[in-house]
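Submitted below is the structure of interest, expressed as structure tokens.
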Amino acid sequence: MTSATIPGLDTAPTKHQGLLAWVQEVAELTQPDRVVFADGSDEEYERLCAHLVEAGTFQKLNPEKQPNSYLALSDPSDVARVESRTFICTEREIDAGPTNNWMDPAEMRGIMTDLYRGSMRGRTLYVVPFCMGPLDAEDPKLGVEITDSEYVVVSMRTMTRMGRAALDKLGDDGFFVKALHSIGAPLEPGQKDVPWPCNDTKYITHFPETREIWSFGSGYGGNALLGKKCYSLRIASAMAHDEGWLAEHMLILKLISPENKAYFIAAAFPSACGKTNLAMLQPTIEGWRAETVGDDIAWMRFGKDGRLYATNPEFGFFGVAPGTNWSSNPNAMKTIAAGNTVFTNVAKTDDGDVWWEGLEGDPQHLIDWKGNDWTPESGEKAAHPNSRYCTPISQCPTLAPEWDDPQGVPISAILFGGRRKTTVPLITEARDWQHGVFIGATLGSEQTAAAEGKVGTVRRDPMAMLPFLGYNVGDYFAHWINVGKNADESKLPKVFFVNWFRRGDDGRFLWPGFGENSRVLKWAVERIEHKADGKSTPIGIVPTAADLDLEGLDVDPADVDEALAVKPEEWRAELPLIEEWFEFVGEKLPTGLKDEFDALKERLG
């Protein structure tokens, strides 16, 4: 089939020659039945959802329980990001660095071009223009995803500013990131489709130097919604390195004091460390309030006033469902309850509602994520551990009015945090920016699921970016240091290291966490205002229990002391682990971080 015979190619709603040429090239390669430019309208969304219901991909949920919401159950082989099939293809291997899978770009293009050949036969090729961050930003970052998945089109409408407005912003010659996606499941004439088409062969490939993403074989989440981690972190981190800004795996929170002063905080935590819960915090201390700017990604650059400003480039939440409930995260539950949600791989109740592990209620019968009958005796989880809700951010009851500000919000503090049973205190303040970079660069978190390796072993996850770096980790650390060097030191955010997960000898959590974490954040903002004390320790400045506002908190004071304790012998045991990590980073490790390591060693004696 030539381009002349592919319906929809000749009626494109754009004069952008670069875009048109690319769409034609992809259509000739992948051989779809038709080409459709997504416009992002309500009518299109409803039409595609109805099509997905008809195809068996979506089940419409009970509108009284979940208004205008749907459930999708994926193929059991296609349930999560696949780090082993994720590649960074730079011209030189060293530019991808030791934390990434690398292949020569020409070789990868050859392999994937063969896979794409005819891969959309029997399907529709959708052209999905989108903008990361506000459309009226000074330097809007645009992308176009080509996909053969309706699930992707409807999800991209929730997760990004997608459709006609983004296409108009592109104009006739604007730059955009090319994001090509195919599930790799062509249909022969008369062949019956399956509810969740995908391919056993999977590649999620990034070409940072040409700002391109090629994904094949997966219809799921971050592998297929290419604005998510692929663009907003892997490609954007490379763009940020070249252009002098930061693209980070961070929530953005607005904390408001009783005096009505607002502080914006960015925080990087690895998965399963409570990022979304903190982003939607409900403070437990009198007079303090919190609002949400973002729960996953922060793009940060310096404003004209010399302060660091952050933007959430996303338009929705793509949250992990299990563990989310009315006590751990009431604001997430209210956001979901407003409707317009696509759930993936959660369980379904007999009355057409959804359920997952950790949710209130004690169902006696469900249809599980594999589509099978489930009872409490089944002996396996009803919802997949990585099951998701995809919901518009505009429905969040605590959404900060500044969330859509094209200038972003000025950041007062950056938090790094992981899940550590021992060693790391509840909160530590870095001595200065470079020391803060050292803290982020050595961030470790205990594995939480047996599948990821031995439970309890500490995996280094620098700035919580290990799976998301678009270039060499050593160059990334150097970039962070340079960002600080090129700034007015007095205007840089303070950096803190937090650990909500420290345990006592008997294995219980020493700190209650969740809304009580507002007490820890209060100390951080009081440090910014020079109103709170802390004691200097070998690892940084740590509060005593007396420095924290513990009024009305029902916790044993000895537990708080233990949560804040700095034990030199535990830190001395940490040193060889940090050294091993730095050796892995290799020759590109900045001298500044070696200096910080030597200074820590010396302070520990």
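Every residue gets a Cβ built from N, Cα and C, even glycine.
Per Swiss-Prot, the features are:
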ACT_SITE  Cys273  active site
BINDING   Arg81, Tyr220, Gly221, Gly222, Ser271, Asn386, Ser387, Arg388  substrate binding site
BINDING   Lys229, His249, Asp296  Mn(2+) binding site
BINDING   Ala272, Cys273, Gly274, Lys275, Thr276, Asn277, Arg388, Arg419, Phe514, Gly515, Glu516, Asn517  GTP binding site
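In the displayed structure, how are the listed features positioned relative to their neighbours?
A 10 Å cutoff on Cβ-Cβ distances gives Cys273 (active site) a total of 23 other Cβ atoms nearby, all chains included.
Within 10 Å of the C-beta atom of Ser271 (substrate binding site) sit 17 other C-beta atoms, taking all shown protein chains into account.
In the shown protein chains, 24 other C-beta atoms lie within 10 A of the C-beta of Lys229 (Mn(2+) binding site). In three-state terms derived from DSSP, Lys229 (Mn(2+) binding site) belongs to a helical segment.
Taking Cβ-Cβ distances under 8 Å and a sequence separation of 6 or more, the neighbours of Phe514 (GTP binding site) in its chain are Gly274, Asn277, Ser327, Ser328.
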Report the nearest neighbour of Arg81 (substrate binding site) in space among the recorded positions Lys229, His249, Ala272, Cys273, Asp296, comparing Cα positions.
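Ranked by Cα distance from Arg81 (substrate binding site), first place goes to Lys229.
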Return the member of Lys229, Ala272, Thr276, Asp296 nearest to Tyr220 (substrate binding site) in space, with distance defined Cα to Cα and candidates limited to these binding-site residues.
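If we rank Lys229, Ala272, Thr276, Asp296 by Cα distance to Tyr220 (substrate binding site), first place goes to Lys229.
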Using a 10 Å cut-off, grab the number of neighbouring Cβ atoms around the Cβ of Asn386 (substrate binding site), all chains included.
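Summing over all protein chains shown, Asn386 (substrate binding site) has 19 other Cβ atoms within 10 Å.
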Between Gly221 (substrate binding site) and Lys229 (Mn(2+) binding site), what is the CA-CA distance rounded to a whole number of Å?
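About 9 Å separate the Cα atoms of these two residues.
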Take the C-alpha atoms of Asp296 (Mn(2+) binding site) and Ala272 (GTP binding site) and report the distance between them in angstrom, rounded.
12
Could you round the CA separation between Gly222 (substrate binding site) and His249 (Mn(2+) binding site) to a whole angstrom and send it over?
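Just about 13 Å between their Cα atoms.
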List the other residues in this chain whose Cβ sits within 8 Å of the Cβ centroid of the Mn(2+) site residues Lys229, His249, Asp296, in sequence order.
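After dropping the recorded site residues, what remains is Lys228, Ser232, Leu233, Ile297, Phe468.
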What's the CA to CA span in angstrom from Glu516 (GTP binding site) over to His249 (Mn(2+) binding site)?
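Spelling it out, the Cα of Glu516 (GTP binding site) and the Cα of His249 (Mn(2+) binding site) are 23 Å apart.
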Need the DSSP three-state call for Glu516 (GTP binding site) to compare against my parser.
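SS state of Glu516 (GTP binding site) = helix.
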